[in-house]
Each structure stands twice: as C-alpha cells, then as structure tokens.
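> Annotated signal peptide per TrEMBL: 1-24, in sequence order. Taken from TrEMBL, the feature active site applies to HIS89, GLU142, HIS146.
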Amino acid sequence: MCPRGASVFILAVVFVSMLSGTFSMPSFLSQRLCENCVQNEQTKSWDYLLFVNQWPETFCKYYNASHKHDNKDGQECIIPPIVSTWTIHGTWPTKTGTEGPTSCNNTWQFNLSQVKDLVPAMNKTWPGLLTGEEYWYFWSHEWDKHGTCAASLPVLYGEHNYFNKTLQLKQQHNIDKILSSSGIIPSSTVKYTRDKIEESVKNATGGMPDLICFQENSDSDFKQYLQEIRLCLDKSLKPFDCPKSKFMHLTSEYDSPCSSKTPIALPPLTTGNAAV
Ligand SMILES: *[C@@H]1O[C@H](CO)[C@@H](O)[C@H](O)[C@H]1NC(C)=O
Ligand SMILES: *[C@@H]1O[C@H](CO)[C@@H](O)[C@H](O)[C@H]1NC(C)=O
Ligand SMILES: *[C@@H]1O[C@H](CO)[C@@H](O)[C@H](O)[C@H]1NC(C)=O
Ligand SMILES: *[C@@H]1O[C@H](CO)[C@@H](O)[C@H](O)[C@H]1NC(C)=O
Ligand SMILES: *[C@@H]1O[C@H](CO)[C@@H](O)[C@H](O)[C@H]1NC(C)=O
Ligand SMILES: *[C@@H]1O[C@H](CO)[C@@H](O)[C@H](O)[C@H]1NC(C)=O
C-alpha cells in the first residue's frame, strides 16, 4: 500500500497536469513514492549495478549537518578506529533512468550467521557509522533494500554471494589506490576538480563514475565535499560509463551530483572518539 499522503500528492500532480494539458505520470515518481509497495515482476527488473563507495568523513559531515536540529534519537556519526579509507555503501541494482528497484523480497530476512565468515572484512570495509544501532544493522538494511533485488543475477543470488561479491569488487576497484596514484589524497587545504577525479577513476576502471557530493551553502560561500564514487557495472560486473540520468538531478541534497564549477574537498578522516 502506498502511504495515504503519497496518493493525495499523486492525485494533486495528476490534477494540475491535466489542467495544464500535460498529463503523464513519470514512472520514477510512482516508483519512488511506492518504494515499500509490493512490486510486480516488471518493476523489479534492472539493467545495471551501482557499486557505491563512500568517504566516511563526508557522510558524517552530511549526517551532522542534516541532524543538527532534530537529533531526537541521540545517534552520532562516528568513524570506527578500524576504518582507514573508503568504505562500501552497497551494490544497488538500477534500472536506467530511475532509482532502484528496491526491497524486492520482503520474505527474505537478513541472517547474520550466513555471512559469519565475512564479518571481519565487513567490519573494516563496510561499517555502519551511526551509534546506537547493532553493528550489522547497515548490512541488513542494504540486504533488504538492494540485495533482495540483486538475486536475479546468479552471481549475486543470496546473502553470502551478495556480500562476498561486493567485498571482492572493493578489492578489485581500490578507490583509495586509484585516487592516490593520480595525486588525489585527503587534505584539509587542497581541493580537486570534478574532471580530474572522474578521469582518475575512468583511467583505472574503464568506466566513468557518478560522483556524489555533500554541498554546503552559506550566503557567499559554496563548498562541496566528495561523498560517494559510484561505479556503474554491467551484468558481467564490468565497469562502463554511467548513464547520464535525469533522475540524478531531481534528488535531495544527499544525492547531489558534484558540480564541475567548484573544486571538491576530500577531508582527512577523523576516527574514533576524538570528540569525547
Ligand atoms: C559528527 O558529530 C560527531 C558527534 O556527534 C563528532 O564526533 C564527529 O567528529 C562529527 N563528524 C564530522 C565529520 O563532523
Ligand atoms: C525470495 O525469498 C525467498 C527466501 O525467503 C527465496 O527462497 C526466494 O528465492 C526469493 N525469491 C526471489 C525471486 O528472489
Ligand atoms: C540463519 O542461518 C543459519 C545458518 O545458515 C541457519 O541455521 C538458521 O536457521 C537461519 N535462521 C533463520 C531465522 O532463517
Ligand atoms: C565486528 O564488529 C563488532 C562491533 O565493533 C564487534 O562486536 C564484533 O566482535 C566484530 N566481529 C569480528 C569478527 O571482528
Ligand atoms: C568469496 O570471494 C572470494 C574472492 O574474493 C572467492 O575466492 C571465494 O570463492 C568466494 N566465496 C564463495 C563462498 O563464493
Ligand atoms: C589518465 O590517463 C591519461 C593517459 O594515460 C593521463 O595522461 C592522465 O594524466 C590520466 N589522468 C589522471 C587523472 O590520472
């Protein structure tokens, strides 16, 4: 079931569109608003994967900025001391021009014991960054939302394959090494152009990535920080140039594509309990 508010919103959009004579329901809209609705076979289909790497420092910057005024649950964004570099966000089945599909199989619950052998590696390279959650919560979220949709590709079918293969992708595409070999290293002073970061990743992987930034707007000052490097992989897991997606430009501040107009910061990691 779609939430009632969403239905009302859709009706309003349809009504206004009809008045202006331009009615057509964009599929990404219905899909997005009904993220948790039961999806039929067709809406579960996808044609490529986003392999999403995140820079933990920028994620925490983003989290801290967006929860400044409403941190009701008292969660904090803390980078575990074991983390020293880029971490995994997830592997996301994607249909060109849209986001998702997501949450494809609600009966398939995350089961930690199925990935027991991978936990040491996942603790280090795929950590959740928020306090007050079980350490495996982030993994169960990625499984529910994305892993259950990846099952249609045999090499990603089931929990162990999904997580093991994603860990393997991380080793295969070592973002830290790729960037540093192009001279792109974390710094609190030096910034880098979008073109240079893209070219560095394209050179090393063969595919042009999507770059996601946390963008900070104060009156006279626009700053952006590199938050995610998303590689686009075909169904043989080979990188290719990410499609230029209309959708990318419609998303929230979290999903902002990096701008080419302002240099991009890659701030050094502050791990552990430095603030305590
Ligand atoms: C985010 O806030 C936590 C405290 O809640 C602090 O320890 C951490 O250093 C902050 N991180 C960033 C990147 O601002
Ligand atoms: C849905 O989940 C069940 C486990 O609960 C699994 O056996 C089944 O193969 C999954 N279906 C699809 C289409 O992936
Ligand atoms: C979780 O996986 C373990 C090991 O494969 C299995 O023994 C157990 O029955 C599973 N638990 C559930 C709730 O499916
Ligand atoms: C993984 O990390 C959690 C939380 O820090 C810890 O409780 C657990 O023992 C770790 N497991 C392994 C196998 O390293
Ligand atoms: C997990 O991935 C590794 C490569 O990183 C591979 O050698 C191994 O066979 C995989 N394990 C399973 C059970 O698929
Ligand atoms: C990408 O490769 C070209 C050709 O080898 C090289 O000239 C360029 O410096 C590389 N760019 C980066 C950012 O590493």
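Cβ from N, Cα, C; glycine included.
Describe the structural surroundings of these features, if you would.
Cβ neighbour count for HIS89 (active site) (all protein chains, 10 Å cutoff from its Cβ): 22.
Secondary structure at GLU142 (active site), taken from DSSP and collapsed to helix, strand or coil, is helix.
Contacts of HIS146 (active site) defined by a Cβ separation under 8 A and a same-chain sequence distance of 6+ are given as GLY90, THR91, TRP92, PRO93, THR102, in order along the sequence.
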> Distance check, please: Cα of GLU142 (active site) against Cα of HIS89 (active site), rounded to an integer number of angstrom.
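Between the alpha carbons of GLU142 (active site) and HIS89 (active site) there are 8 Å.
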